[in-house]
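These features come from Swiss-Prot:
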TOPO_DOM  1-46  topological domain 'Cytoplasmic'
TRANSMEM  47-67  transmembrane segment
TOPO_DOM  68-749  topological domain 'Extracellular'
CARBOHYD  ASN99  N-linked glycosylation site
REGION    278-574  region 'Catalytic'
CARBOHYD  ASN346  N-linked glycosylation site
BINDING   HIS380, ASP390, ASP456  Zn(2+) 1 binding site
BINDING   ASP390, GLU428, HIS540  Zn(2+) 2 binding site
ACT_SITE  GLU427  active site, nucleophile
CARBOHYD  ASN612  N-linked glycosylation site
CARBOHYD  ASN636  N-linked glycosylation site
CARBOHYD  ASN702  N-linked glycosylation site
CARBOHYD  ASN738  N-linked glycosylation site
Amino acid sequence: MPALTRALRCALLAARVALAREKARRAFASHGEMLSQPAAALARLPPASVRVLVGFGAALLVSLVVLHRRPAARGAAGGGGPAEYDPAARFLALSEGANATIAADLRALTAGPHLAGTGAAAGAAARVLSGFRAAGLRTLTREYTPLLSYPGHASLALLRADRTLLAHLSLDEPADVGRRLVRPYHAYAPSGGAVAEAVFVNLGREEDYLTLERLGVSVRGRVAVAIRGGGYRGGVVRRAAERSAAAVLIAGHADGGVERGTVILGGPGDPLTPGWAATAGAERLDFDHEDVKRRFPAIPSMPVSGKTASAIIRTLGGPALPADWQTGVGLPVDVGGVGPGPTLVNFTYQEDRKMGMIQDIFAIIKGYEEPDRYVILGNHRDAWTYGAVDPNSGTSALLDIARRLGIMLQSGWTPRRTIILCSWDAEEFGMIGSTEWVEENLEDLQSKAVAYLNVDCAVQGIGLFAGSTPQLDNLLVDVTRQVKDPDVEGKTVHDTWNKMTGGINIERLARTDSDFAPFLHHAGIPCMDLYYGKEFPGYHTALDSYHWMEKHGDPLFLRHVAIVEIWGLLALRLADDPVLPFDYQTYASQLQEHANAFSSMMENSKWVHLLNRSIEDLSDAGLEFLKEAKKLQDQNISDGYSLMRRRLLNDRLLLAERSFLQADGLQGRGWFKHLMYSPPEDYESKLSFFPGVADAISRSSNRSAKEQQAAVRHEVRKISRAIQRAADVLRGEFSNRNESLYSSLSVAP
């Protein structure tokens with residue numbers, strides 16, 4: 001009876017696969033529309049269905065004859081499914097007609113604005129949920145109630161020195177012709193106002209204020225007018241507040257557009273629930289709590305159009321505009337000086353803060369062998385305006401991945417590990433949706449998450465750009481060799497990527513501008529961020545529309561298809577490879593480059609020697625691991641013992657990144673825990689790695705050389721210990737390093 005049962009199951013599987021293939025073929029014809037239930041398809045009895053029935057009978061007959069044979073093995077490429085099933089090839093084959101499907105999804109998602117926490121956001125959420133369900137995937141939703149920020153009343157005018165009105169200045173966005181969008185504003189900018197002289201501060205960087213000091217110009221009590229390009233806008237506002245400015249106006253470069261954005265400080269997530277999720281009944285800090293007050297800028301700010309900024313700047317007197325500022329202005333102005341005055345700026349702003357409901361949406365594909373290991377793909381769907389680039393180019397790509405995986409599931413494939421597709425909300429306010437979910441599930445994610453693959457602005461121009469933690473570099477390079485370049489016939493993405501940048505260039509993720517931040521900086525999960533095109537002039541403006549994408553960004557939507565293919569193949573490798581495709585020798589090489597760069601900045605070489613010893617050990621551990629994994633792969637892995645050994649190997653790979661976390665976080669910034677790639681406290685820091693060192697340097701800049709050396713040395717020791725922890729985890733053993741070896745390298749205070 002057991003043999004007969006197996007035979008019947010094999011026959012049923014064969015019939016199910018045949019039905020799924022017929023459904024997939026017809027799905028291509030309708031650009032991805034899923035068919036109805038198999039019973040309804042059989043009721044219509046087209047020729048293909050007759051073939052299915054015949055196939056079922058034949059399979060049943062053969063199975064009864066060969067009862068002694070075992071059922072079909074798992075697919076050769078690693079995922080569960082029919083024998084000889086290649087998930088990567090199948091995924092790529094589903095690109096036929098995908099550009100039309102992606103375009104249709106993007107058009108629907110961008111039909112109107114969908115700012116988080118507003119009624120208009122429901123439409124985009126419904127579209128994503130419907131897409132996940134149409135793919136046949138299990139879905140979940142999770143709601144949070146964070147503090148959100150919206151614009152109230154605002155006004156801007158130019159006054160003569162005697163405070164009589166010279167001109168009302170517009171705070172509207174010229175490109176928002178129908179006034180369908182939320183007016184331009186800075187989220188979390190406090191209410192306030194000023195009647196004061198203006199000073200042009202160029203990009204609003206520290207070096208710009210030093211230039212003004214040399215010219216004898218101060219912004220104390222005045223309105224600082226800046227041009228976008230000086231780093232994070234919140235950092236620009238904070239820098240002006242530190243110089244005692246009364247308010248800040250920031251002009252962008254988009255022709256007719258005004259760039260909205262958040263100015264919240266101190267990292268991502270809901271400011272009232274730092275470290276825990278903003279669920280409906282959660283504890284919330286008071287607004288007068290020190291941890292909350294330092295999250296908000298001290299002075300009001302507002303984005304303005306180039307035309308409005310020009311009207312202010314051209315009235316300025318004072319010292320002449322520095323020559324190197326003239327090329328960076330980027331505005332149609334005839335400027336005589338940097339200010340102050342002689343005219344006055346009358347600026348008022350009223351913020352509307354309130355608790356708002358946001359919703360994260362998930363689709364889950366459970367793994368057959370390691371269901372408790374998660375490969376996570378994420379994109380946010382909320383937008384400041386229409387969001388054709390930011391973020392819904394990525395949303396439409398995520399929906400296409402869901403469609404393809406759904407078809408593959410119906411063909412009998414199942415991933416080895418669980419795949420989770422995530423649609424985040426309220427990213428534009430400071431990565432709130434993703435951060436709250438990570439905080440709520442931190443322990444589970446730290447013990448089970450394999451990697452997080454992020455796509456935000458999937459397409460904003462030509463050429464692939466990527467950032468990742470270093471152990472994923474080689475995986476990304478391998479995958480790009482499998483994907484056709486969308487712009488150059490006969491070339492792969494790898495070919496053009498390599499040529500465009502003069503060699504493969506993968507940046508590190510020491511920034512907090514998208515949803516990888518909580519996964520890497522707080523949870524220590526390997527991350528990657530992908531996008532096509534480097535600069536988009538309509539960023540966060542009314543120009544971020546489907547019309548722009550169709551006319552300029554990706555007219556044929558083939559760059560979208562390329563991103564889908566790269567993103568999806570990365571997920572399949574991480575979900576299906578027997579041994580996780582991580583390379584910690586590459587990680588060690590990158591850390592060595594960081595150590596060398598740090599060495600060029602510091603005089604004391606003993607500190608660098610301390611780092612070098614740990615990095616060398618990590619490299620050795622990575623090589624030892626590769627040899628051990630190769631030996632296991634050459635053996636029979638069908639028995640339970642070998643499967644357990646492989647599981648233990650993968651766990652060491654999975655947990656090594658967590659070793660770079662400092663349990664209590666960076667000094668004074670406890671939410672950020674990653675000692676290699678958290679962002680530095682100073683937004684203008686020249687170090688994009690070793691954030692504790694960067695913080696120690698900036699905080700001790702006014703101290704004695706002895707004190708600065710002590711502060712930096714302490715952070716170097718932390719980093720060295722973390723790297724050593726990672727090496728020990730890769731080896732799967734307790735550390736046996738003699739602490740005296742480190743003590744001998746200490747520097748006398």
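Each Cβ is built from the backbone N, Cα and C atoms, and glycine gets one as well.
Here the features listed in Swiss-Prot are painted onto the structure.
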residue : record                      : DSSP class
ASN99   : N-linked glycosylation site : helix
ASN346  : N-linked glycosylation site : strand
HIS380  : Zn(2+) 1 binding site       : strand
ASP390  : Zn(2+) 1 binding site       : coil
GLU427  : active site, nucleophile    : coil
ASP456  : Zn(2+) 1 binding site       : strand
HIS540  : Zn(2+) 2 binding site       : coil
ASN612  : N-linked glycosylation site : helix
ASN702  : N-linked glycosylation site : coil
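Using a 10 Å radius centred on the Cβ of ASP390 (Zn(2+) 1 binding site) and all shown protein chains, the other Cβ atoms total 26.
Here the binding-site residues are HIS380, HIS540, and the one whose Cβ sees the fewest other Cβ atoms within 10 Å is HIS540.
For the pair ASN99 (N-linked glycosylation site) and HIS540 (Zn(2+) 2 binding site), the C-alpha distance works out to 24 angstrom.
A Cα-Cα distance of 29 Å separates ASN612 (N-linked glycosylation site) from ASN702 (N-linked glycosylation site). In this structure the alpha carbons, written CA, of HIS540 (Zn(2+) 2 binding site) and ASN702 (N-linked glycosylation site) are 38 Å apart.
When pLDDT values are averaged over the topological domain 'Extracellular' (68-749), the model yields 93. Among the recorded positions ASN346, HIS380, ASN702, the ones whose Cα sits within 10 Å of the Cα of GLU427 (active site, nucleophile) are HIS380. Ranked by Cβ neighbours within 10 A across all protein chains shown, the recorded positions GLU427, GLU428, ASP456 are led by GLU427. For ASN346 (N-linked glycosylation site), the spatially nearest entry among the binding-site residues HIS380, GLU428, ASP456 is GLU428, judged by CA separation. Of all the glycosylation sites listed (ASN99, ASN346, ASN612, ASN702), ASN702 has the fewest other CB atoms within 10 A of its CB. Of the chain residues outside the Zn(2+) 1 site list HIS380, ASP390, ASP456, ASN379, ALA383, GLY387, PRO391, GLY394, GLU427, GLU428, CYS457, SER514, ASP515 have their Cβ within 8 Å of the site's Cβ mean position.
Put simply, ASN702 (N-linked glycosylation site) is 35 Å from GLU428 (Zn(2+) 2 binding site) when counted between their Cα atoms. If you measure from the Cα atom of HIS380 (Zn(2+) 1 binding site) to that of ASN702 (N-linked glycosylation site), you get 41 Å. A gap of 41 Å separates the Cα atoms of ASP390 (Zn(2+) 1 binding site) and ASN702 (N-linked glycosylation site).
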